[in-house]
Amino acid sequence: MVNFNKKLVGTLAAFAVLASGIPSMASAVTIHQPVVKAEKAKAASDRILVKTKTGLVASDVAARHGLTEKKTLGNSNWKVLNVPAGQAEAFVAKLQNDADVEAVELDHVRTISATPNDPSYGSQYHLTKIQANTAWDITKGSTSRTIAIIDTGVDLNHADLKGKIVAGTDIVNGDSVAQDDHGHGTHCAGLAAAITNNATNVAGVDWNAKIMPIKVLDSTGSGFDSDIDTAVYWAADHGANVISMSLGGAVFSQATQDAINYAYNKGLIIVAAAGNESTSAMSYPAAYNNVLSVASTTSTDAKSSFSNYGSWVDVAAPGSSILSLKLGGGTTTMSGTSMATPIVAGLASLTWSKNLTYTNTAVINRINTTADKITGTGTYWINGRVNAYKAVNGF
């Protein structure tokens with residue numbers, strides 16, 4: 001779809017059910033398994049997001065209220081302003097009445113959340129299920145496509161990744177080394193585009209795409225909207241073609257929607273996880289306009305018990321007991337819409353490789369229209385479970 005018109009409601013999403021041996025992650029809210037809900041989403045207490053009206057200087061607005069600028073989100077009119085600790089909500093209310101302010105909001109937390117999963121079970125059944133093996137007879141991808149993994153970082157030294165990683169950034173720590181300190185991002189990167197046909201570990205959906213690691217989540221699996229927004233702008237301005245985001249939360253952010261619109265209008269495909277609460281309530285960024293949202297299925301093409309669902313979800317992909325790369329080397333099994341998402345991101349770049357002149361809209365439409373209409377299509381998701389062979393064949 002060119003414009004995904006998704007309503008602006010939702011509940012906090014938990015995005016990965018991780019293998020044992022990977023540390024549990026702190027959540028922004030109290031977790032009640034198997035369903036995650038939030039009475040109130042967590043947000044930074046010492047900063048807010050402010051969008052000034054066109055032509056106005058944000059520093060002037062900040063100074064008028066006794067505040068200082070922390071950073072700008074990309075090249076947008078959105079600024080992060082420092083406020084006295086504990087006064088974020090008060091300043092949001094105050095700036096809503098400033099005639100020079102177009103929008104103001106809290107800097108909410110987005111997270112991944114975890115429960116143990118059996119690491120002894122797992123194979124790459126997902127590749128057979130989406131017919132990647134036959135798709136590879138047609139195309140193995142293109143080195144001119146780059147997938148940005150906006151996550152906990154990526155294991156930059158993993159044997160199945162290090163040969164295809166391009167320059168990224170660590171927004172959490174403020175440097176250029178987006179090294180994973182959690183494991184989630186490494187697992188996602190491997191699913192999208194691990195080095196393949198090297199007799200080592202696992203195969204990625206796209207054999208040839210480059211990986212751009214962008215760290216926005218810390219070692220606990222949590223991060224702020226402002227860092228995610230910065231990452232989206234950064235990816236769009238540094239050569240990414242596809243963005244994969246296996247993260248989310250309950251609250252709509254206009255700042256994030258603006259960042260996504262910027263990337264989409266620059267020709268990128270943005271893919272995001274629907275969430276793991278087993279609910280039809282929307283989660284963000286998956287529910288934003290111009291995002292390809294992904295639910296999770298099992299090896300038998302049933303909806304995964306944990307997967308979110310509904311008319312706001314575009315496609316499904318395997319996400320239950322998925323084998324991929326492990327931080328520090330080797331492989332591990334994880335489950336979640338977190339896993340389904342990079343599979344679709346890899347498919348997006350693989351499909352695009354058939355004709356690099358096609359637009360992001362054309363590639364998204366191809367993925368949607370060639371999805372298999374498995375049970376649940378039209379109820380749990382709009383278009384079906386993705387099919388790599390059908391997507392690339394004749395495109």
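Heads up, the Cβ atoms here are built off N, Cα and C, so glycines get one too.
Pulled from TrEMBL, these are the features on record:
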- D151: active site, charge relay system (ACT_SITE)
- H184: active site, charge relay system (ACT_SITE)
- S338: active site, charge relay system (ACT_SITE)
- 33-106: domain 'Fervidolysin-like N-terminal prodomain' (DOMAIN)
- 146-374: domain 'Peptidase S8/S53' (DOMAIN)
- 1-28: signal peptide (SIGNAL)
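Feature map: annotations from TrEMBL on the structure.
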residue: D151; record: active site, charge relay system; Cβ neighbours (10 Å): 33
residue: H184; record: active site, charge relay system; Cβ neighbours (10 Å): 29
residue: S338; record: active site, charge relay system; Cβ neighbours (10 Å): 35
Q) How many whole Å apart are the CA atoms of H184 (active site, charge relay system) and S338 (active site, charge relay system)? A) 8
Q | Averaged pLDDT, computed only over the residues in the domain 'Fervidolysin-like N-terminal prodomain' (33-106) | A | 87
Q | For the domain 'Fervidolysin-like N-terminal prodomain' (33-106), the number of residues DSSP places in helix, strand and coil | A | 15 helix, 27 strand, 32 coil
Q: Round to the nearest Å and give the CA-to-CA distance linking D151 (active site, charge relay system) with S338 (active site, charge relay system).
A: 10
**Q.** Assigned conformation of S338 (active site, charge relay system) - DSSP reduced to three states
**A.** helix
